[in-house]
Structure formats: structure tokens, C-alpha cells
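Colleague: Positions annotated as domain 'Pentatricopeptide repeat-containing protein-mitochondrial' by TrEMBL: 14-124. Per TrEMBL, the feature repeat 'PPR' maps to 29-63, 64-98, 143-177, 178-212.
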Amino acid sequence: MRSAARSREHWREALRLLDVMASRGVRPNAHAYAAAAVACETGGRWEVAISLLDRMREQGLPPSVIVYSAVMACCGAEGRWEEALQLLAAMKAERLAVDVPAVNIAISACARGRAWREALLLHEQLRAWCSSAEGRRGGQMLTERTWGATIGAMYKGGQWRKAAELVGEMRRDGLAPNLACYTPALAACADAAEWRPALELWESLLRDGITPDALAAGAALDACLAGRVPQSGLAVVEQLEQAY
């Protein structure tokens, strides 16, 4: 616990280091500010992280994608999805090269804040951009993290149907769903007592050769129990045992 408490206070040390560097005539670079933002995330200080951007500008150092991303992650960790979206908009306004990892962070922030509509919109916009000539030239592609974060947002928002659909869309886009994508989709179906789509996802997971963990299996089992199909639940347990 003491170690955790010390970690939460690292943001003070990070700011102090920036002050020391400035007092000695050494201008901190983007990586130093990004590290400070990461320390703020550990300490839950999203307001302080945002203030780092103004501090950079005051020192004549334009915030970069790496710093913006670190600050967005800090906001997202605290469920401040609106601030994360504002930061993403600021990046675009400043004509920074917003990449897939940066948008992934914004989607994750929306997921934590249960802002599923905003997460889905970001996902669709990013998907369209990656398919555009500009996106293809830059080699930009949606990743497992993109899909997993969006599906997670659907789960948090109670959108079981869209969560299941996204797993299929991911496959049609040529990217195999992983456990981090299947699990929230299964959980969304379980919460809605939709045992049929949950079992379809479960069977798909097994066909893909993925070894299920307790979370995925638990979600599939919960869906069966909620749907009052105990025999299907027993089959899930047997399949889990066989997987190990």
C-alpha cells in the first residue's frame, strides 16, 4: 500500500523535475512532458495533466501527438471522456498527425465514461479514414485495440447487439477477433440475457483456436443461466475444461 501511495504521488516529483530543468536553462522536451502526464495518470490528476499543455506553449514548445495522447489517457483513466474528445479536437485543429493509437485512447476514454455513441462515432470515422487514400498512404489500420475498445464501449452502454455485430465486422475487415474483443461482447449479451448470440460468440471464439479465460467463460455461462438454458451452460463448462 505504501508503494501504491508513493506511485500516486509521482506526479509531484515529475512536475518538480520540470521546474528544476527550467531553472537550469534546460528546456524539457516532449518526452519529458509525456512522462509527466503519465505520472499524472498514476496519480489521478487529469487537471494537472491538461495544464502541462499550456505550460509547454508558454515555453515555446508546441504540444506533440505523444504528449496529447498521454494527457488524453490520463483523462480517460478518470472517466473524463468529454475532455479527451476536446483534446482530440484540439490536435486536429492544430493539424497534428492524429494516428490510430491516439484515437484508440479517445475511444477507450469514451468506454470508461459509458459514452457508447461517441465511441462508435469515433470508430466509424477512423475506419472510414483508414480506408481512404490518405489513410492507406500512411499505412493506417484499425487494430485489435481499436475494436476491443469500441466493443467494450458497447458493453458498458448496454448495446449487446452492436457489440456482437462489431465482432463480425472486424472479421469481415480481415482482422481476427482476439480474447479482448470477444469477452466484452459476451459480457454484453450476458447482461441482456441474450444467450443465443452469446453461444454463437462462444463457439466462434473456440473455432478461432482462442483459449478462453475465466472472464469469457463466465460471461458465456452467465448468459446461459440468465436465459435458463442450463444444459448449454454445462456444455460451456465442459468446453472450458477441454481447452485446458
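Placement of Cβ uses the backbone N, Cα and C atoms for every residue, glycine included.
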Colleague: Do any residues, 6 or more residues outside the repeat 'PPR' (64-98), come within under 8 Å Cβ-to-Cβ of it, and if so which ones?
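Modeller: Long-range Cβ neighbours of the repeat 'PPR' (64-98): 30-31, 33-35, 37-38, 40-41, 44-46, 49-50, 52-53, 56, 105-106, 108-110, 112-113, 115, 118, 138.
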Colleague: Could you give the mean pLDDT over the repeat 'PPR' (29-63), rounded to a whole number?
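Modeller: Mean pLDDT for the repeat 'PPR' (29-63): 95.
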Colleague: When DSSP states are grouped into helix, strand and coil, how many residues of the repeat 'PPR' (143-177) land in each?
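Modeller: Taking each residue of the repeat 'PPR' (143-177) in turn, the totals are 26 helix, 0 strand, 9 coil.
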